[in-house]
Amino acid sequence: MFVPQNLLLFIIIGHFRLIAICCKLPFNNTDSAEYLPKVQRNVQNQYLRTYHNIDIRDKLIKQRSVAMPQQFSFSFDPSSQVRGAKACSLPQQIGNGPYRIPRWYYNSVRMRCELFYWSGCCANGNNFPSIHNCKRLCEVDPCKQDLDQGHGKTLQARYYFNKYAKVCEQFDYRGIDGNRNNFESLQECQQQCPGLKTNPSLHDEKNLCRGTLSSHILQKITKVLFVTKSSFSYTTAYLRQTPKLIHIFAEALSPCSHGSSTPQIPCFGDSTCGVNQFCHFGQSQITTVCCNRSPTGDRCHQLLNIGLGNAFLQRWHFNTNSKHCEPFIYRGLQGNENNFLNQNDCQMTCFVNPCAAGEPYQIQGNTMQCSPAKPSMCPNGYYCHIGAEPQTTVCCPNLGGNACEQQVDQGQGNYQLQRWYWNIASQRCMPFVYAGLKGTQNNFLNQEICDRTCYAFENPCLSGKPQQGVNNRPLCSSTYNNCAITHWCHIGAIPQTTVCCPGKVEGRAVCKLPLAFGSGDANLKRWYFDQNILNCIPFSYGGMHGNQNNFLTQQQCQQHCPGDF
């Protein structure tokens, strides 16, 4: 089996960088050379490997700070009694002063900064002059923060989560400032930041990177390779015995499932990669590189892929069945694009926009949800689109004009929702089936809301105002009559004009009332009694402003006004 020297050289150098990250070794060229095996010959002309007589255990300890960069700490509100991240765990304290000063505090239950009004006296450290100061200190994941010992003269034994080694380690806290990656006990640290189950001892050369893929490959590579000053050579006989070795190297070095650029390009987001690439966020900088996109297309429709490796990374993916963003544990290598660092990124990328035009209203990057019970909570220029689930019940941009004058639209989607719309032609609310997405504003949950929103009330009575029922419910219809004794039931074209009108005429005096065509364009077929010919005659009623000599059928007219009258 022939392996090109330059390919093997690239693989080995890249993998030594992985080992450096694992074991917290420096990886600049000068220091790293001290850790490469030095080849010598003995008297039997055999290769021997030495390490420049360097005590690796001491070197690891000395170089630990090189592999673990630190961030600058920031100062807290100088008026606080308790400084540093510990202030975030303190309860809200309004005090007992006479003032109402707007301040911000960190709510540890809701895990967010919230507004409160400070009295001006007797506050604790959980009291910030701005939401920016509060978020900068408290709304951060402590497990992702670098070690910050703070400052001061006292030394306190604390624990922090080493985000590079994925373990909790002890450090000396100086008492002032610092950050939230600061725990009083090892158990508290491990509960907050679950990582590797054990911490490989830095003082035991046998445990160096034990249990990882890197140690397995390192053991094999020391048996295979002979290192010289100018080049790498290899033993082809040993490679024949381990034909999968190079494949193992390539798999360990490549976090991409569909290939990547050669050499691999580090990235900080999709905008830093090529057109047909995406930024794969791995466990470390080495595995955070530009990867080729999958030929399947849309990332949100790619199946869940937990990947390969030993990492335990909290990620989110879009579930095409539930239409929700759901959490999962990513193993660190060879996943796909349906892999988001947080729920918000997933929802912003894969969220199904229910609006017919424009984007839903957002507050600080989060889509604002509304409620059928409180549709007016949307800001000006937006209306509450009521979808099939809370994720699609959001504030959508107004489509312009009166909602009742918009065309009914069954929308898009797979739902069958019973809704009501205002029919301009018939001037009444009618039912329809809504698919759940992309409809117009002429879309109401029930007939009552539709009538209340769209019907422009016009008094159908010839004189006086109609009788009002409880909650504006109708008092009469063609089948029942609950009008007062002083009112009669006017049957209009729609429920809104079927009301109890004043001025009731009793008995057969109705038959002496003149013909009243009324007003409106309803064109309703009715019957009236013509006292000249003593017979019931049909006529066309406009729908409003008629009198009681107005019957729905000829039979009703003849029963009330017989011909011998």
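The backbone N, Cα and C atoms fix where each Cβ goes, and this holds for glycine too.
Feature list (source: TrEMBL):
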- 88-138: domain 'BPTI/Kunitz inhibitor' (DOMAIN)
- 143-193: domain 'BPTI/Kunitz inhibitor' (DOMAIN)
- 300-350: domain 'BPTI/Kunitz inhibitor' (DOMAIN)
- 404-454: domain 'BPTI/Kunitz inhibitor' (DOMAIN)
- 511-561: domain 'BPTI/Kunitz inhibitor' (DOMAIN)
- 1-22: signal peptide (SIGNAL)
Under the DSSP assignment, what numbers of helix, strand and coil residues are found in the domain 'BPTI/Kunitz inhibitor' (143-193)?
9 helix, 17 strand, 25 coil
For the domain 'BPTI/Kunitz inhibitor' (88-138), the number of residues DSSP places in helix, strand and coil:
10 helix, 15 strand, 26 coil
Confidence summary (mean pLDDT) of the domain 'BPTI/Kunitz inhibitor' (404-454):
91
In the domain 'BPTI/Kunitz inhibitor' (404-454), how many residues does DSSP put in helix, strand and coil?
10 helix, 17 strand, 24 coil
